[in-house]
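Take a look at the structure below.
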Amino acid sequence: MNGSRALHLSAWLLLCLLCSAAVARDDSCETCRKLVDRFHKGLENTAKKNFGGGNTAWEEKTLSKYESSEIRLVEIIENLCDSSDFECNHMVEEHEEQIEKWWFKMKKKYPDLLKWFCIETIKVCCPPGTYGPDCLACLGGSERPCHGNGFCNGDGTRSGDGLCRCEAEYTGPFCLECADEYFSSERNDTYSLCTACNQACKTCDGPSNEDCKECKNGWIKDDGKCVDLNECASEESPCKDSQYCLNTEGSFLCKECDGSCLGCSGEGPENCKDCATGYVLLAEKCTDVDECDASEQVCSRENETCLNTAGSYKCTCSEGFEDKEGNCVKIMEAENTEVTDGEMGTSASDINISNTAHEDL
């Protein structure tokens with residue numbers, strides 16, 4: 001039992017290491033591509049520079065031209081990576097000699113730095129249309145992976161399996177077959193053009209609803225065509241009692257009835273099956289009952305006013321009155337209203353206090 005567990009653990013660890021290595025290779029290629037992009041940016045930024053010592057002609061004659069000088073290379077390398085980018089800095093540190101070799105010896109013969117450095121020298125990337133440790137051709141060929149209808153897994157990297165991930169219109173290992181809802185409008189051994197079927201078709205061999213092999217859900221065959229199925233025409237509505245069914249192309253919507261309705265067959269108060277409480281059928285539509293206009297008073301408290309609302313009414317205290325313990329009582333004005341006297345602003349309360357004090361004396 002222990003031996004079996006150890007074997008399973010070893011296999012699991014090996015699988016993890018292989019996955020980690022594949023991810024690392026993929027990341028290394030991306031890092032190398034970014035590094036090369038930054039190198040080209042550095043070339044642009046330093047294109048019009050010189051030694052800057054004041055005697056440019058002497059310096060270029062004595063120290064070689066700035067364009068291909070070590071000083072320019074150092075300036076470019078110093079700006080290849082952000083300080084926080086560990087992978088980039090590690091790659092530059094590990095392969096700085098190869099970068100220098102390309103700069104001084106190989107640049108004219110191999111002007112494509114990405115190809116020379118990332119693909120052929122440190123071997124972290126592959127040429128376009130190839131994948132994996134040995135840069136094998138993607139399915140469909142390296143010139144046109146997946147026949148131009150998808151993406152090769154691992155394309156241009158030392159990882160992946162080379163399998164095709166097809167675009168929405170295509171399927172099959174080589175992305176040459178048409179997916180559901182598409183038909184082949186052009187096809188040969190190396191090329192396929194898939195075009196969308198009519199909206200009613202699940203599968204088809206042409207552009208119209210007469211060309212459907214199968215209908216989509218929400219559509220049915222009728223006289224050789226796929227036509228919309230009207231779900232709302234069924235005896236039992238697919239919607240709730242408080243909703244009505246609205247047919248759409250290939251489907252339906254459940255929409256809320258008007259507030260005046262108790263069940264409905266469509267939008268608005270004129271399509272009510274019955275009127276909700278507080279509404280009556282008037283001129284073929286459910287209309288609000290104005291309870292406040294009834295001959296019998298509905299608000300019975302003194303100093304109370306009736307306010308009609310949609311489907312109901314409210315009893316509120318009249319203007320100038322407020323509700324206190326179930327009764328509408330008059331709102332009392334503040335008693336301590338100050339009356340000013342002259343510029344000093346003496347109030348009536350001040351005068352009363354003064355008079356009272358005077359009498360006590």
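Glycine is no exception: its Cβ is also placed from the backbone N, Cα and C atoms.
Looking at the stretches 26-46, 341-361, the one that Swiss-Prot records under the feature region 'Disordered' is 341-361. Reviewing Cys292, Cys317, the cysteine that Swiss-Prot connects to Cys306 via a disulfide bond turns out to be Cys292. Of the listed cysteines (Cys315, Cys328), only Cys328 is recorded by Swiss-Prot as the disulfide partner of Cys317. Per Swiss-Prot, the disulphide partner of Cys299 among Cys275, Cys315 is Cys315. Residues 22-23, 25-26, 28-30, 119, 123-128, 182, 187, 190-192, 194-196 of the same chain lie 6 or more positions beyond the ends of the domain 'EGF-like 1' (134-176) yet place their CB under 8 Å from a CB of it. Checking each of the recorded positions (Cys146, Cys152, Cys164, Cys175, Asn188, Cys315) against Cys328 (disulfide bond), the C-alpha distance stays within 10 Å for none of them. Using a 10 Å Cα-Cα cut-off around Cys317 (disulfide bond), the recorded positions Cys152, Asn188, Asn303, Cys306 reduce to Asn303, Cys306. The Cβ of Cys175 (disulfide bond) has 25 neighbouring Cβ atoms from other residues within 10 Å, across all protein chains displayed. Residue pair Cys306 (disulfide bond) / Cys138 (disulfide bond) shows a Cα separation of 81 Å. Across the repeat 'FU 2' (251-298), DSSP classifies residues as 6 helix, 18 strand, 24 coil.
For the recorded positions Cys146, Cys164, Cys292, Cys299, Asn303, Cys315, a Cα to Cα distance of within 10 angstroms from Cys175 (disulfide bond) holds for Cys146, Cys164.
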